[in-house]
Amino acid sequence: MLNDKDLSTWQTFRRLWPMISPFKAGLAVAAIALIINAAGDTLMLSLLKPLLDEGFGKADRSVLLWMPLVVIGLMLVRGASGFVSSYCVSWVSGKVVMNMRRRLFSHIMGMPVAFFDQQSTGTLLSRITYDSEQVAASSSGALITVVREGASIIGLFILMFYYSWQLSIILIVIAPIVSIAMRMVSKRFRSISKNMQDTMGHVTTSTEQMLKGHKEVLMFGGQDVETKRFEQVSNRMRQQGMKMVSASSISDPIIQLIASLALAFVLYAASFPSVMETLTAGTITVVFSSMIALMRPLKSLTNVNAQFQRGMAACQTLFAILDMEQERDTGKREIERAKGELEFRQVNFAYPARENLALKNINLHIPVGKTVALVGRSGSGKSTIASLITRFYDIQSGEILLDGHDLREYRLSSLRNQVALVSQNVHLFNDTIANNIAYARNENYSREEIERAAKMAYAMDFINKMEHGLDTVIGENGVMLSGGQRQRIAIARALLRDSPILILDEATSALDTESERAIQAALDELQKDRTALVIAHRLSTIEKADEILVVEDGRIIERGNHTALLATNGAYAQLHRMQFGE
């Protein structure tokens with residue numbers, strides 16, 4: 001699980017500020033516009049005194065003539081300032097969220113494979129989408145409310161003190177009480193917001209599992225299981241939402257009750273003779289109206305607190321990910337094309353957060369241009385050995401050498417450029433077939449080279465039958481293709497990459513016998529003059545390997561070529577008899 005540090009609102013906002021500060025000019029314009037907007041409201045209230053005392057009290061017609069023009073002017077200014085403030089704040093928040101998402105996306109993409117082993121895809125998707133939107137809410141809507149309503153409160157206080165400081169000073173007494181109440185509510189909002197974000201991750205994960213495993217759900221009749229699971233996480237989300245509503249609903253009347261008590265006391269104080277002598281109808285109306293008008297910004301600030309705390313809680317969660325260490329790339333050695341000699345020396349390896357060793361004392365040597373095959377039962381450690389060559393994981397002890405140099409001496413990008421991988425779990429992108437074959441290197445290959453690789457992988461047979469050929473968009477993870485077709489695209493990708501080291505991890509597992517024979521010829525051609533590590537369950541595909549290693553429980557228990565291993569009548573011979581029914 002992702003654990004975020006319990007930071008205060010101020011500490012969290014201070015970390016967010018460097019992402020906002022590049023756009024502070026937009027914030028400044030928005031703040032000025034919001035202050036003008038709030039000043040317009042205050043001036044509107046101040047017009048009540050001349051209207052009542054002069055316009056109606058003394059029947060001064062001139063006041064009634066210029067008053068409408070002032071009102072229209074103030075409304076125009078108020079409307080224009082409202083538009084400017086909303087536009088500027090939305091622009092700033094959009095930029096902040098875009099940059100936050102880019103930074104988060106880039107950071108997650110640079111995390112080690114072990115990170116993805118421990119995190120669900122749904123949770124990470126929720127972080128990039130839902131949590132980022134919560135940041136937008138805190139940096140846009142909340143900011144508008146805080147500045148506008150804050151300016152309104154200041155303006156109204158100035159107006160009240162200007163006309164009657166005696167009555168207005170009473171409101172100073174309630175300020176600490178309101179502050180304490182809001183602080184208590186803030187802690188509750190923060191706690192609920194964190195729970196809501198975690199629950200949203202569970203909702204996304206549950207949905208993602210159903211969508212990805214839809215065929216299995218139908219085949220095994222798991223609709224009730226998935227429905228029940230989704231109902232549980234959805235109900236938890238609803239419960240957290242109701243807790244947020246309850247906290248907000250309780251805080252609103254409490255703060256308004258405090259304010260109304262102060263208002264009642266002001267009315268009582270206004271009846272004192274010493275105070276009444278200084279008041280006119282216009283003055284008491286302005287002061288009283290200002291106090292009533294204070295209710296709206298006070299309520300808005302109370303409500304925005306929940307929104308702001310959601311945003312700050314989301315920030316904490318995102319910062320927790322950004323604080324995680326990315327994949328270490330301490331190597332300095334760059335290499336354009338390796339010879340391809342690989343060697344494992346006394347290698348021991350355990351997966352992160354696991355105590356038991358997955359590989360124990362592994363020793364193997366693959367000379368340049370030779371093919372070594374790994375066989376054994378599922379879970380014996382064959383794929384783990386392959387994953388160490390690309391440094392998806394780092395070993396606990398021992399050495400893995402490429403051309404006589406420790407893998408850790410190479411820059412990761414340079415090392416991985418030397419390896420072409422075809423696994424049983426093929427991932428294709430929602431793009432054209434051509435772009436999938438030339439993935440991430442489209443500009444390096446011509447159309448003819450892409451087509452040649454597809455022909456060598458025996459993929460052009462089905463590609464030519466498609467309406468747009470190589471330009472056919474194949475959908476998410478190649479949903480429009482069969483398992484065998486997807487694997488042929490992956491083989492074409494490896495052929496085009498033309499790396500000196502080739503890893504085939506059950507590369508033909510999804511193919512029928514006829515297609516396997518055809519592709520095996522292409523793979524045999526591909527393996528020429530390359531160092532190849534082949535992992536296979538079908539022993540018929542690795543009989544020609546220069547050396548075969550039998551892996552069991554993380555150890556290499558037998559080694560030799562096909563003929564020699566059959567002659568020893570050991571574990572390999574037993575596997576061979578099981579497959580061929582001898």
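Glycine is no exception: its Cβ is also placed from the backbone N, Cα and C atoms.
Taken from Swiss-Prot, the feature ATP binding site applies to Gly376, Arg377, Ser378, Gly379, Ser380, Gly381, Lys382, Ser383. For Lys382 (ATP binding site), the same-chain residues that are 6 or more apart in sequence and have a Cβ closer than 8 Å to its Cβ are Leu374, Val375, Gly376, Asp505, Ile535, Val551.
Residues annotated as domain 'ABC transmembrane type-1' in Swiss-Prot, with sequence analysis given as evidence: 28-310.
What Swiss-Prot records for 342-578 is domain 'ABC transporter'. Within the model, the domain 'ABC transporter' (342-578) shows a mean pLDDT value of 88, rounded to a whole number.
Positions annotated as transmembrane segment by Swiss-Prot, on the basis of sequence analysis: 16-36 (among others). The list of residues near the transmembrane segment (16-36) in space but at least 6 beyond its ends in sequence, with Cβ under 8 angstroms from a Cβ of it, reads 77-78, 81-82, 84-85, 88-89, 91-92, 95-96, 99-100, 103, 135, 139, 143-144, 147-148, 151, 315.
A Cβ distance under 8 Å defines the sequence-distant neighbours of the transmembrane segment (63-83), meaning residues of its chain 6+ beyond its ends; these are 33-34, 36-37, 40-41, 43-44, 47, 50-51, 54-55. Annotated transmembrane segment per Swiss-Prot: 63-83 (among others), in sequence order, evidence recorded as sequence analysis.
What Swiss-Prot records for 153-173 (among others) is transmembrane segment, and it gives sequence analysis as the kind of evidence.
If you look up Swiss-Prot, you'll see 253-273 (among others) marked as transmembrane segment.
Within the chain carrying the transmembrane segment (275-295), a Cβ under 8 angstroms from the stretch's Cβ atoms is held by residues 41, 45-46, 48-54, 57, 152-153, 156, 159-160, 163-164, 166-168, 171, 256, 259-260, 262-263, 266-267, 269, all 6 or more beyond its ends. Under the heading transmembrane segment, Swiss-Prot lists 275-295 (among others).
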Quiz prompt | Distal contacts, the transmembrane segment (153-173) - CB-CB under 8 A, six or more residues away | solution = 38-39, 41-42, 45-46, 49, 262, 265-266, 269-270, 275, 278-279, 283-284, 286-287, 290-291, 293-294, 297-298, 301
Exercise. For the binding-site residues Ser378, Ser380, Ser383, work out the Cβ neighbour count at 10 Å and name the residue with the minimum.
Key: Ser378
Quiz item: Which of Gly376, Gly379, Gly381 has the fewest nearby Cβ atoms, counting only those within 10 Å, among these binding-site residues?
Solution: Gly379
Quiz prompt | Neighbourhood of Arg377 (ATP binding site), C-beta criterion under 8 angstroms, separation at least six | solution = Glu552
